[in-house]
Amino acid sequence: MNYMTITAHKLKDMIKNREISVEEIARTYLDRVDEVDGKLGAYLYVASEGLLQKAKELDKKISRGEILGKLFGIPISVKDNISVENMQNTCASRMLTGYISPYDAHVVEKIKFHQGIIIGKTNMDEFAMGSSTENSSIKLSRNPWDLNRVPGGSSGGSAISVAAGEAALSIGTDTGGSIRQPASFCGVVGLKPTYGRISRYGAVAFGSTLDQIGTIAADVEDCALLTECISGMDKRDFTTADMEVPKYSKSLSKDIKGMRIGIPKEYFGEGLNDKVRKSVEEAILVLKENGAQIKECSIPLSEYALAAYYIIASAEASSNLARFDGIRYGYRSKNFKDAVDIYFKSRSEGLGSEVKRRIVLGTYVLSEGYYDDYYKKALKVRKLIRNQFEDIMKEFHAIISPTCPTTAFKIDEKKEDVMAMYLSDIYTVPANITGIPAISIPCGMVDGLPVGLQIMSGYFRENILFNVAYSFEQSTKWHSITPDIQKEDRNYGI
């Protein structure tokens with residue numbers, strides 16, 4: 001079985017037709033992890049025994065002629081900030097080393113209901129704070145297209161696992177681009193749905209008004225399938241919408257004739273790599289040839305989204321991460337004098353530099369004397385940006401931009417330049433600020449590295465995203481190109 005090119009929906013058909021057993025699929029993916037993950041570092045934990053046991057149980061269901069779930073027998077990886085019962089949930093942080101989740105997140109419950117199987121937990125930036133997965137306190141992850149480069153972040157391990165054939169599908173979280181940016185860097189499809197489309201129950205909170213669980217897949221149909229399976233209302237997350245979930249994977253169409261697509265000029269200005277710009281412009285021409293009506297538009301306030309985002313996200317992080325105090329659970333310093341010292345030293349030793357930087361920033365902007373000048377103004381800017389996006393979505397079915405201003409950058413290239421790292425999210429954070437859905441799909445290659453095309457639409461219009469993405473995908477070959485991980489001519493220092 002060619003794990004690099006076969007899709008989840010094709011795998012399910014093969015299982016249904018008894019061309020392959022679930023156990024064979026599980027063993028093939030485990031062999032793939034053994035083969036390449038020592039180089040890539042996608043996984044923090046692989047549930048080998050549990051995967052094989054579940055696979056055997058599912059094979060028995062087939063032999064009994066039982067009805068198969070939508071994700072029957074499909075190996076799925078899960079970012080290590082989403083709870084899976086009896087598996088670790090470390091957020092790639094020393095603070096949570098050894099923590100085992102006693103329950104399933106809502107999305108994991110849904111995966112199990114549809115009979116998908118969890119292969120393991122993937123690496124990430126610590127507490128989802130980062131854009132390269134370099135902030136993991138546990139291990140370094142590498143881009144499967146070039147082992148000297150980052151996979152993006154914070155859901156870097158999830159993107160790697162799909163791009164490298166180590167999982168058929170993956171679940172991640174997106175607070176400012178953490179699914180779409182690594183999807184772009186690794187050449188896969190990544191969706192951040194509308195805020196409230198998918199329950200966040202069981203996901204460790206970073207920025208509660210920004211966080212959203214989303215999906216990563218090798219192609220649009222797989223992404224649509226996983227999204228429809230895990231979406232829906234959850235009473236344990238009051239932000240979820242009580243709305244019917246469309247059958248996204250069954251309504252895909254290449255026909256986008258007459259669809260109005262806007263091209264915001266602010267996304268094509270200074271800072272965008274010329275070769276990336278060319279790839280995105282060529283992608284826009286494909287959509288035009290497929291019948292879409294293309295028109296330039298303007299969202300002038302979008303340039304303030306990044307600044308507003310980092311103020312709001314840091315403020316929410318400083319509140320959410322206060323629970324990690326070395327007393328209730330998690331890492332506890334052994335060198336302390338009293339209760340206050342436990343708190344101070346446990347957080348100082350257990351949290352990484354980027355996490356501490358954002359906690360300090362968040363505490364600062366929420367403090368007396370600065371609340372009005374920073375946090376309150378950021379909330380006002382957020383509202384104005386949201387209003388502009390809502391207005392633009394009345395005119396267009398979708399708007400298109402690059403996912404990132406560059407392709408994947410080299411390991412350590414931006415680690416010490418915080419602002420340069422933050423700017424890699426400049427095109428993705430507006431979707432989180434506003435809550436609209438956005439998807440990244442492969443649209444080209446630049447110097448051997450994937451380029452991502454970002455498509456955004458109005459609230460709960462994921463079906464439009466999937467159709468525009470599917471139309472482009474069916475007219476091009478970019479989604480079918482896979483990395484050659486076995487090349488040995490690269491000095492990647494392992």
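Each residue, glycine too, has its Cβ placed from N, Cα and C.
Feature annotation from Swiss-Prot assigns active site, charge relay system to LYS79, SER154; the stated evidence is sequence analysis. The active site, acyl-ester intermediate annotation in Swiss-Prot covers SER178, and the record cites sequence analysis as its basis.
Everything Swiss-Prot records as a feature, shown here on the structure.
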residue	record	DSSP (3 states)
LYS79	active site, charge relay system	strand
SER154	active site, charge relay system	coil
SER178	active site, acyl-ester intermediate	coil
### Task
Between LYS79 (active site, charge relay system) and SER154 (active site, charge relay system), find the distance joining the two CA atoms and give it rounded to the nearest Å.
9
### Task
State the Cα to Cα distance, in Å, between SER154 (active site, charge relay system) and SER178 (active site, acyl-ester intermediate), rounded to an integer.
5
### Query
Within 10 Å of the Cβ of SER178 (active site, acyl-ester intermediate), how many other Cβ atoms can be counted across all chains shown?
36
## Note on the structure
Counting every protein chain shown, other Cβ atoms within 10 Å of the Cβ of LYS79 (active site, charge relay system) number 32
### Query
How many other Cβ atoms sit within 10 Å of the Cβ of SER154 (active site, charge relay system)?
34
